[in-house]
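K.L.:
If you scroll down you'll find the structure; I have some questions about it.
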Amino acid sequence: MGDDKNDLQALENSTVYDSENKKIGSVGQVYVDNETGRPTFVTVNTGLFGTRETFVPVDAARPADGDLVVPFTKDFIKDAPSVEADGQISPQEEQELFRYYQNGGGTTDRTAPAPTADTAGRDERRDDSRAQAGRTAAGDGVEDDSQMVAHEERLRVDTHQQEAGRARLRKRVRTEAQNIEVPVRREELVVEREAIDPDSADARSTGSIDESANEEEVVTLKEERPVVQKETVATEKVNVGKRTVQETETVSADLRKEEIDVDRDTDPRGR
C-alpha cells in the first residue's frame, strides 16, 4: 500500500466493503504494529447509526478505488469479538481477533506480535510535536517498550420526571343553622265604648227592646306569618393550575481514578 504514512492517511479516509460488495461502514481508527509501524487493524463503524466500532485485520483487505474490500460478510464482521476501541489492544485481544478471522476463511495467516497494536489517530499525525503511541520518539533515540493507560470515572447526572403527587377538586355540603329576624304584623281587636247622654237627641231616637232579637257582628282579624324559601347562588370560584419551580439538589458519588506509578530498579552504579 505504499509507505506507512500514506497508508495510514489512505486507510483513514476509506470505506470498508464486504465480500458481497456491500458497504459495511467507514474506517474509524487505524491501529499500527509497535515494532514495524505497519497498519494491523482498522475499526469499522457498525451497529445502529454506526455507534459500534468493530476491528478488521488490514492484511485481509485489498484496496479498491481508495476503499477497502474484505473477504468477509457484513454479518460475520458484526459478530467479531468485542474489543474496546480505546487506543490500545492487548496481545490476547489481538490473538483472539486473528483467530476469529482465520476461522472465518480470511486471508490473515500472520501471528500477532508480542507488543500491542496502538491506534494512529488523525490528530496525532497532523501535529508533529506529539509522538505516535507505540512508535519511536523522533530525535530522542528512546524506544517505548511498554505502555499503560490510566482511566478515571466521571460523574454524569441527568434528570427524569416522576409523579410527585396529585390534586383533586372536591365539593362537600355543610349544613348550618341561620337565624333571621323577620318583622311580621297582625291585627288586634280594639273595643271602644262611648257613653250617650240620656238627654241627647241620640238617646231619644225611636227604638224599642226586642227580647227575641240577637244581634251579632263578626270581626275577622288577620296576621302575617314568615314564609321561608331557599335559593342557590354562586359564592366562590376555584381555579387550579400547574407551574414549574426550579430547585437545586446536590448529588454525591464516589469516583475511582487510576494513577500510574513508575518503580525503577537501579544497579549500584545508579544506572
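Glycine too: its Cβ is placed from the backbone N, Cα and C atoms.
So TrEMBL lists the following for this protein:
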DOMAIN    10-75  domain 'PRC-barrel'
REGION    103-147  region 'Disordered'
COMPBIAS  108-119  compositional bias 'Low complexity'
COMPBIAS  120-130  compositional bias 'Basic and acidic residues'
DOMAIN    148-262  domain 'DUF2382'
REGION    193-226  region 'Disordered'
REGION    244-271  region 'Disordered'
COMPBIAS  254-271  compositional bias 'Basic and acidic residues'
K.L.:
Please list, for the domain 'PRC-barrel' (10-75), how many residues fall into helix, strand and coil according to DSSP.
P.N.:
8 helix, 33 strand, 25 coil
K.L.:
What average pLDDT does the predicted model assign to the domain 'PRC-barrel' (10-75)?
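P.N.:
The answer is 85, the mean pLDDT of the model over that range.
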K.L.:
Mind tallying the domain 'DUF2382' (148-262) by DSSP state, helix then strand then coil?
P.N.:
0 helix, 4 strand, 111 coil
